[in-house]
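**Student:** So TrEMBL lists the following for this protein:
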type	residues	note
ACT_SITE	A:131	active site, proton donor/acceptor
ACT_SITE	A:159	active site, schiff-base intermediate with substrate
BINDING	A:44	pyruvate binding site
């Protein structure tokens, strides 16, 4: 399950709650496009900003709308107790796997991060993706820490942050040396994903794929087929979009793009998060048109 | 209210909930010691790990146990909506002020941070302390951002992170130039607090003071009296304790010290946070004895 393209959709949310119709529509589009898995309630899915009840609803709705496509559900929270509850909810919803980032307020040391994964995997009956996302969690996973965690039961994959092609190849090789062979490695940081895909990663945990699944699929399939020239060209073509991701954060860009496509209302991010400002929005819409991704 | 020593106690918590008796006892000790204010549910008070209901209880219990000592209640949360609810709860509990750090999962830009404070201060009828704590929030407050926020209604103080004496003096002078005169500046980062206190700060928002109020009071009163020699000597004497703060985080050190003093059970931090390991605990206890702070 943890190979190929895993698409991470938004959970359109405003101050009155989740836009349930918009969420189900986003999931259905991904299933119809044939992505390999759907990562519901990832960072792009705003898991950190939703209540337990909202997350349980979204997990159930995602599984139902995804049909035969496996759904991986984000279960991160600040307390171990909360994570255990969210894991149980995800399992009850029919999730095929769970995704866990070590959210932090107080900085965690390695033993605390390991203890979290140890407690959660001990209770799981579905596989877990270790979500290494220093940009949101501020946890720096060493290869040694990844090795300790990957040896726990029920760990199925590691989602590593984006690295340049050379660094990705080295990091993936270093990780392979310390993790069991059944644990896959997936890359994120969309503008760097191509380097990871061609550098030995098994999967792309993709923000772009959550809204533009065909585009992300074409890059992934070319990389999987060994056609690195086509894969690199397809990714490089998106550079104007990647530049917006880097400048404003991929969440804000995808949020605005969903509005442009008529797939989410405005606003669709929970405060204090704000959407793109008007200037960036104009730039995004021009970029989407140039890339043939707009309406 | 936002001057002198503001003492920030632990909220002893385990997997079954808050140790209510221990919390009330900690608050009562601070009031009896004559601290200038009490910062309940600060970072040391574990606000980020507690439910709304637990926080409302702790706010009420702190105000009751504090008697005439003003209580400042931490109201930070990831969503603006949650912060507004927590502010209302703190007000209903009788808090004299509130303390707000811009908690983050997705990194926030300046407009998002400002928008949070704008929304919250517009609803307040008690003063707010802007809690600038990059070690937990990863928000970098520029002087310009502090100036914008301090100009909002109901802002009473700014709690800045620890800086060396020279840097603290410069930062405090730079902030004074951009904030209204009624807004006080308080320092945190206990091992650097003396530099801030002698560099023009009005208050010390103190972790040490939450468990050892007399010790923190003696440093604060010497600094307030202009006796910089005595103030520096009193702070420097604590260097073995400051070294443990730097190495393990002040929260874990104070948690273990509360156990040593018989003021909290073991464990008293919510998982995944772990207490000090046995080696560090032995070192802490020896340090407390040497400093005359142990039992």
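Every residue gets a Cβ built from N, Cα and C, even glycine.
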**Student:** What is the interatomic distance between the Cα atoms of residue A:131 (active site, proton donor/acceptor) and residue A:159 (active site, schiff-base intermediate with substrate), given in whole Å?
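**Tutor:** That comes out at 5 Å between the alpha carbons.
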**Student:** Including all protein chains displayed, how many Cβ atoms other than that of the residue listed as 'active site, schiff-base intermediate with substrate' lie within 10 Å of its Cβ?
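**Tutor:** A 10 Å sphere around the Cβ of the residue listed as 'active site, schiff-base intermediate with substrate' contains 27 other Cβ atoms.
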**Student:** Compute the C-alpha separation of residue A:44 (pyruvate binding site) from residue A:159 (active site, schiff-base intermediate with substrate), stating it in Å without decimals.
**Tutor:** 14
**Student:** Which of the three DSSP states, helix, strand or coil, fits the residue listed as 'pyruvate binding site'?
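**Tutor:** DSSP call for the residue listed as 'pyruvate binding site': coil, neither helix nor strand.
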